[in-house]
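Per TrEMBL, the features are:
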- Glu393: active site, proton donor (ACT_SITE)
- 72-205: domain 'Beta-hexosaminidase eukaryotic type N-terminal' (DOMAIN)
- 229-588: domain 'Glycoside hydrolase family 20 catalytic' (DOMAIN)
- 1-17: signal peptide (SIGNAL)
Amino acid sequence: MARALFLLLIVIASVNADIGELPPDSYLQKSPWAWVCKENTCAKVNKDELEPTEDGYPLSVCKLSCGEYGALFPKPTGKVEIGKGFVQFYPQNLKFSPVAAPSATLVNLTGEASKIFTNYLNQMHPDYKDGTAPFPSGTEVDPIAKTVVLINIAIAHPYNKLELNTNEGYLLSIQKQDDMHTVLVTITANTFFGARHGLETLSQLIAYNDDVNSLQIVDQALIRDKPVFKYRGVILDTSRNFISVSVLKKLIDGMSYNKLNMFHWHITDSHSFPFYSKSVPLLTKYGAYSPRQIYTIEDMKDLVEYARVRGVKIIPEFDAPAHAGNGWQWGPKEGKGDMAVCINQEPWQKFCVEPPCGQLNPVNENMYEILGKIYLDMLEIFDNDLFHMGGDEVNLQCWNETAEIRKFLTSSGKDLSQASYIGLWNTFQQRALKLLRDNRRDESKNLTAILWTSDLVSKKHLMDHVDKNDYIVQIWTTGNDEVIPFLLDNGYRTIFSNYDAWYFDCGYGAWVGGGPNNWCSPYKGWQQVYQNSPQLIYANVTSASKATKAVDEGLILGGEAAMWSEQVDGTALESKIFPRASALAERLLDQPDHWMVCR
């Protein structure tokens, strides 16, 4: 028995040694299967059984032109024509003509976008590694090496920063030339951002063909596209859990693939203060989870530019007066008094919606001085046209239990009623808005602030306290909240993030309270995300024509999915946001009827 086992081990070792000596490519075998487009669906067929009139391809190639839209996602809004033939080429034979654009800045931006696009193509190779893809170098007798893909890009207007009214439309054409060795690609757009979207769409008309170790592009196409909604975004909270810059860049990459254009960055909260304030570094010193878990000025400026080249605008949020605690504790020591109150106070249920608590002190003048410096620091890094001021979940009980605030109200002849505290909140908000605008780096910009729905933005208080010319209102309550038609009927611009469809942190275990699941459960699947239509939400309580008008006039600006980070960190972020954010993207870019409509 022992001898038999010994001989068996020798045989196994011998087999393993033989396998170990085999070159890696020896495992690769040509697949017997091909894919053929039949009735707008790629069908799997044995290559030996292909009809004489059929061309079989790998699945990735078949999908490029099968069906009306092929592999395009999000679906374009205008005319789509995709040829049924393909042309093989190597990425080293992709050429860009000089960009036709009205400024050197745009030429440089487009050059950066072109490099990103070229890298996409190299990454299509399954053996891509460390910036290198092992495509054949091509020889004189290699017919694929003779093919050149020539890309022409023309941009009409000089705008180099993405704003709400930026035209993101483009026209893309692909045409195989008569010489049979040239594929001419033309992208025309009003702005760089439209041209960049055109490159994104072009990447979806190219695929790797494993049978011939080359790329393939459709032989002809004509695509006209322009997003329906101006605002198509994702909000990420980096206060509850710190998210590294490298992960933020991956998120922006994913947004760019889906033509999502607004990254709403909820940088700080009562939990931590990772934003590095040049003017008030004590905020970061006291508020960051650790000295390494901060966003430096260089980090943030780099991220803004990284996003811009990828067609994404970063909108910073400094949430106030609630959601502000850790980072503000140094006031008494530095002679500034209590600039924030209820910090880390217990029982937390009495003073905030989740621990740790914290709220700015609206009667401390030193707080306003520091707030202005925070705005100054942020506006030196981010664009000066949109800024999110937060403004939700203010706990009036917190203020009411603060002796300094009670004394201020009574000495001002006010009682301690809810109305008095709402008035105090409004005073804070108006002063904060003035500070924000006074600290603009670019005074040519008409800075618009964004506020969450809250008691201040309720039917009872909205008209008295929130000017529709100053603010956009972001809706985080349910899709049937009566404040939605009230806002739109009164001419307020809105962004939808209703939690019953677009809160991506829902559906996990309760981390506060008795459970079993978190407050906004259940999980929001991609179909529910896809079906959540801001236009239809409004139409259901008014009329289809009125809702269409609200979109056309820019009252329904669009929407964004929310990822609050109590239960997510950098390791899980991408899988929790995508592919659901892709469903959001098609909803906001194309406004489809239903996810089950045949593609």
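Placement of Cβ uses the backbone N, Cα and C atoms for every residue, glycine included.
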Can you check how the pLDDT averages out over the domain 'Glycoside hydrolase family 20 catalytic' (229-588)?
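Here the predicted model's pLDDT, averaged over the domain 'Glycoside hydrolase family 20 catalytic' (229-588), is 97.
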Reported in the order helix, strand, coil, what are the DSSP residue counts of the domain 'Beta-hexosaminidase eukaryotic type N-terminal' (72-205)?
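Helix, strand and coil residues of the domain 'Beta-hexosaminidase eukaryotic type N-terminal' (72-205) number 39 helix, 36 strand, 59 coil.
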Check the DSSP secondary structure of Glu393 (active site, proton donor), expressed as helix, strand or coil.
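DSSP call for Glu393 (active site, proton donor): coil, neither helix nor strand.
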Once near-sequence residues are set aside, which residues in the chain of the residue listed as 'active site, proton donor', 6 or more away, have Cβ atoms under 8 Å from its Cβ?
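In sequence order, the residues whose Cβ lies under 8 Å from that of the residue listed as 'active site, proton donor' (at least 6 apart) are Ala322, His323, Cys352, Val353, Ser454.
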